[in-house]
Structure formats: structure tokens, C-alpha cells
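Note sheet for the following structure.
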């Protein structure tokens with residue numbers, strides 16, 4: 001409990017500090033560049049200076065944090081990826097040479113490509129279907145809320161939920177995992193699903209699809225509702241059936257949103273490591289880049305050079321999406 | 001109710017029935033199926049976490065409500081309690097454990113064949129003794145010779161075991177598995193890490209929306225770019241930086257302050273982006289007229305912008321709260337695994353390693369970690385959805 005109090009105290013101090021900064025710097029600005037009781041020109045000049053400085057005071061803390069926690073580390077990671085394990089000596093591109101010859105990395109890369117192909121596609125697909133279906137039933141909001149719920153669960157919690165489903169008991173004893181019980185009910189042999197190379201990747205991906213579908217559903221459902229009614233009515237009058245309306249009228253109008261959902265999930269996929277860490281920790285050929293990076297950060301005391309090199313590979317995969325996002329946002333701002 | 005009203009109502013019902021086409025039924029059923037598919041994993045976890053741990057280990061949670069057959073062993077009362085009646089020595093009693101009741105399906109006298117006899121039949125055993133066990137567990141064991149020894153004779157039987165529900169699993173994980181401590185650690189990390197970035201981001205968002213300044217477009221582009229920077233890029237440089245700073249001051253590199261600031265930094269791009277989208281869409285007239293009245297930017301921000309942006313602030317707060325609470329990576333790197341620092345996700349990961357087969361521990365622990373975010377989710381879902389819609393770069 002003491003800990004909570006001290007956290008609350010630190011927090012109040014922090015918040016008070018923030019307020020003091022914003023208020024104090026503003027006040028200081030008024031002292032240094034006063035505009036009352038000055039000659040006309042002087043007041044006008046001071047006012048101009050103060051109003052050109054003030055935005056930077058407002059932005060200051062944010063810029064500081066963004067720089068220290070995001071901009072500088074990106075640059076430093078790039079630098080470190082050319083350094084040795086302690087990050088002190090320059091080793092050229094040998095980290096990258098090692099990386100591309102490392103079987104574990106090749107396997108991670110292959111698995112990551114699979115993840116990137118399957119998870120965004122499956123989540124978006126299910127999200128779209130569920131969004132379209134739930135809009136048609138009276139209890140759709142409850143249904144949506146329940147399907148959306150996994151979003152609130154941590155990756156590691158979700159991993160436990162699914163590990164329990166995949167649980168394996170040898171033939172003959174009662175299965176306590178839902179999947180194996182079902183498989184046995186159908187008359188097949190139970191399997192230790194997460195230890196079957198290649199296919200175990202799919203079982204891990206299901207967890208992320210389970211979590212991300214709710215996100216896709218919420219965004220796509222809003223997009224579907226934003227479609228002008230007239231287009232659907234016109235199609236109905238022309239005699240289109242439900243499926244035709246969905247695929248030929250509705251989906252083409254929300255391509256933009258589908259792309260947004262797809263890319264957002266793609267980025268999540270690149271960063272996810274908790275699921276692999278909890279389920280297999282990369283055993284049975286299920287390694288992915290993010291978990292491999294985490295592993296090298298601490299393996300044998302930590303190899304900063306190699307860890308940074310893997311981080312850079314992940315970053316390189318993100319850059320196209322980043323550029324696309326910025327261009328989209330800029331185009332949108334110009335529209336306004 | 002008058003007859004015409006009844007008639008009117010039934011006719012609308014008929015009309016409604018007619019309108020329910022097969023397609024509508026299919027839609028309803030598919031939605032139902034999808035909802036079941038999505039909720040059953042969590043539901044199974046919840047049910048399992050309140051089952052008795054012995055039952056949990058041997059049967060699926062979906063059988064939790066039905067009774068199961070089990071082979072059990074009981075002992076008769078000690079020979080010292082025997083009575084001598086009609087020329088035979090008799091031991092009497094009930095095989096049910098203290099304070100419980102049983103439903104015997106069959107019994108026997110050897111472990112090889114616990115279901116040799118029907119309950120209620122007096123059976124002669126190989127050595128000439130007779131044994132009868134009633135369905136309710138009452139037994140009569142009789143022998144022509146006196147019972148000897150200090151312990152009772154063994155009775156093997158098959159009984160129906162009723163489902164047992166318990167909160168023991170929760171009691172155990174909260175105390176002896178250290179989840180209680182981790183719960184407090186998680187709160188310690190999450191609350192400041194949610195509130196600090198909001199304040200910083202709100203000022204920045206206001207500046208980027210309503211103040212005249214150069215490079216505004218460029219700064220916005222940078223913020224949007226930083227939205228997608230993978231956390232992995234930040235970890236190693238920051239870990240090194242933290243170590244150096246800690247060494248300089250001669251303190252440990254793992255601290256709550258360190259993780260609050262880290263989460264502040266990582267949460268800022270989304271916070272600024274969300275809040276700027278909202279704040280820049282506030283009606284221009286309000287802000288202009290306040291300016292004309294001589295209000296400073298600071299006053300406008302405090303008196304007008306901050307109260308009006310409550311929905312956006314709430315959206316981001318929920319996002320950040322869920323993200324920080326559920327985070328494992330940042331916590332592992334910047335807080336480590338010390339007992340006073342281990343957050344719920346970290347504890348869960350540790351239990352997964354050390355208690356991997358103890359599902360009663362894992363299910364209860366997982367549910368403890370989920371309870372707060374799920375409550376937040378269901379009570380404040382509206383703001384979460386709004387934040388999602390505003391936050392995805394369109």
C-alpha cells in the first residue's frame with residue numbers, strides 16, 4: 001500500500017511540476033517581454049516575440065520526450081547495429097552478415113512473412129464479416145461488444161487462455177483442452193498442437209486474430225455505416241442480391257478504411273512478441289523477429305549489436321507504412 | 001385489453017413472423033456462432049479458475065456441471081469399534097469423508113475390481129467375510145473371526161463425484177503466488193503512466209492546432225511517423241542510457257520513475273495525434289472570441305480547450321491505461337523481475353514457466369490480470385471506440 005501512496009505522491013508531484021512548468025514559463029514570458037506600460041512600438045514588438053516563443057514553450061516537454069524516447073533511439077539503434085556486443089567497438093556490417101546467415105533468423109523471417117500474410121488478412125476478413133452481420137441484428141451491439149472484448153486482454157493473458165485450449169493429454173486420458181477434446185470427439189488422434197512445426201505458427205496466429213478482429217470490426221462497422229444509403233437503395237432497385245450489394249457496392253466504398261485496418265494490424269504483427277514468448281519461446285520452429293530481438297537483448301548478458309540489427313530489420317519493414325501514413329495524413333489535412 | 005387490440009397485436013406478430021426470412025435466421029445464427037467462438041476461450045478460463053484443482057486436472061471445463069464417476073478407497077472404522085452380534089463381529093459406519101455425502105455406484109474389496117458388487121447387496125468375500133455398502137455409503141462389514149489390527153479394513157468403491165466449486169485458487173494466487181503484490185505494482189506503473197502524458201500532449205496538441213508557428217506541418221508529419229516506430233528500436237539505446245544515468249547517480253537502473261517516463265514517451269505520438277485531431281476541430285469562433293476578449297493562450301487552453309476536449313482525453317486515457325496495464329515488453333526491460341517491480345504480466349509469464357502444468361494457478365492468475373482492463377473496457381467502451389475511430393490514421 002505504501003507503494004501506491006508513494007506512486008500517487010510522485011504522480012501529484014509530476015502533475016504539479018507539469019502545471020508549474022506551463023504556468024511558470026508563461027508567466028516568465030510575460031515578465032521578460034511585457035507589453036503593458038511600454039511604448040507602442042516596444043509593446044508591439046514584445047507581443048510579437050512572446051507569441052512566437054509561446055508555442056515552443058507549450059510544445060517543449062512533448063518535443064523533449066519524443067526526441068529522447070523515439071527519435072534518438074532510432075538513430076542510436078542504427079548506429080549500434082554496426083557495433084559489437086557491448087556497443088563499444090565498430091564491427092562494420094558483420095552483424096548483418098551474421099544475421100542473414102543465421103538459421104534462426106531465416107526461420108524468423110519466414111515465419112514473420114507468414115504472420116504478415118495471414119493475421120492482417122484474417123482479422124480484416126472476420127472483422128468485415130462480423131461488422132456486416134451484426135449491423136443486421138437487433139442485439140448487434142452486445143455481439144460486437146463481446147467480440148471486441150479480447151482487445152482488453154493482454155497478449156500474455158490471451159496466451160494462457162489459448163494454451164489451455166491447446167492443452168494436450170496423451171490418448172486414453174480425458175482431454176482438458178477444448179481443441180483436443182473436439183478432435184477426439186471427431187475420432188482423430190489428439191496432438192500437442194504448439195509443438196508441431198509449421199502448423200504451430202498457425203495456432204499462435206489464431207491468438208492474435210482473436211484479439212485483433214474486434215479492432216477491425218469496430219473501424220469497419222463505422223465505415224459501413226458511413227456509406228450513403230442511396231447507393232445501396234439504387235442497387236436494390238436494380239435487383240442486386242445481398243452478396244452482390246456487399247461485395248460490389250459496400251466493400252469498394254470502404255477500401256480506404258480496409259487499407260487503414262490492414263496496415264495498423266500489420267504493424268501490430270511486426271511488434272508482437274509476447275505471444276511467441278509465452279507459448280513456445282521460439283521452439284519448434286516458431287521464432288519471430290520481435291521475440292528473437294528480445295532474446296538477443298538478454299541472451300548471455302545481452303548482445304546489443306545483434307539485438308539492434310534485428311530491431312533495424314523490423315524498422316525497415318515498418319518504413320513503407322510510415323511513409324504511406326504520413327502522405328495520407330498530409331493529403332487529408334490539405335482537404336480541410 | 002380489448003379484443004380488437006389483441007387481434008391487432010397478434011396480426012403484427014404474424015406479419016413479423018412472415019418477415020423473418022430464412023436469410024435472417026441464418027444471419028442471427030451466424031452472429032451467434034461467431035459470438036460463441038469469440039467468447040468461449042475466456043469463458044472456459046473463468047469456469048476453470050473456480051473449479052476444484054483436482055477436478056480441473058482430470059476433466060474438461062465443459063464437463064464442470066456434470067458429475068463424474070470415480071474410483072475411490074475408504075477405510076472402515078478401526079477394529080476397536082467392532083460389536084459382537086448374533087455370533088458375528090460387525091463393523092458399521094459410512095464410507096463418506098467427514099461432512100460429505102457420497103453416491104455409491106458399486107463396491108468391491110480389491111483394487112483390481114472396485115465395481116464387483118451392486119450397492120445394497122450383502123456380498124461374501126473370498127475369506128468368508130461379508131460386506132454390504134448401501135448407495136448412501138453406509139456399510140456393514142461382518143466376520144466370524146474377531147477383527148484385529150489398529151486400522152480399519154479397506155473398501156474399494158465407485159462413486160459419483162459432484163462438481164466442486166471453490167475460490168481457493170484465487171486465494172492461493174493472491175497470497176502465496178505473489179499476485180497481490182504484482183497487482184499493486186501494476187497499479188503503481190499504470191496510473192502515473194496514464195496521467196502524465198495526457199497533460200504534456202494536451203498542451204502540445206493545442207499549440208499544433210491553434211498557435212501560429214513555423215514548421216507546424218513538419219512537426220505533425222514527424223508525430224504521425226513516430227506513431228508506428230516499433231518499440232524494439234527504442235529498447236537498447238534507452239536501456240544503455242538508463243544504465244549510464246543510474247551509474248552516474250549511483251542508483252539502480254530499474255525504477256518506477258524510469259518506466260513512467262518511458263511509457264510517457266512511447267504514448268505521446270498517439271496522444272498528440274488523437275488530441276490534435278479533436279482540438280483542431282473545436283469551433284473556431286469560441287477560441288477567436290476569447291482571444292478578442294483578451295484571454296491569453298494559457299487561459300484559453302485551461303478554461304475552454306481542456307474542458308471541451310474531455311471525450312478525447314478520456315479516449316486516450318483508456319487507450320494508454322489498457323496498453324500500459326497489458327504491456328510486458330517495456331516492463332521487463334525497464335523494471336526487471338525483482339519482486340517489488342514485477343507487474344502482473346511479468347508475474348504471469350513467470351508462472352507460465354514455473355507452474356506451467358498447474359492450470360488452477362494459471363487460470364486464476366490470468367483472470368486476476370484481466371479483471372481490471374475488462375471492467376474498464378465494458379464501462380468505458382464508448383470512449384475506447386471513439387478513440388479507435390479517431391486514432392487510426394485515415
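Just so you know, glycine gets a Cβ as well, placed from its N, Cα and C.
A TrEMBL annotation is a machine prediction, not a hand-curated record.
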As TrEMBL has it, transmembrane segment corresponds, among A:56-75, A:76-95, to residues A:56-75
Any idea which of A:146-165, A:166-185 is down as transmembrane segment in TrEMBL?
A:146-165
Stretch carrying transmembrane segment according to TrEMBL (options A:202-224, A:271-293)
A:202-224
Go through the chain and flag residues at least 6 beyond the ends of the transmembrane segment (A:56-75) whose CB is under 8 A from any CB in it; none is fine as an answer.
18, 21-22, 25-26, 29, 315
Best-packed against the transmembrane segment (A:113-134), counting Cβ pairs under 8 Å over A:146-165, A:202-224, A:245-270, is stretch A:202-224
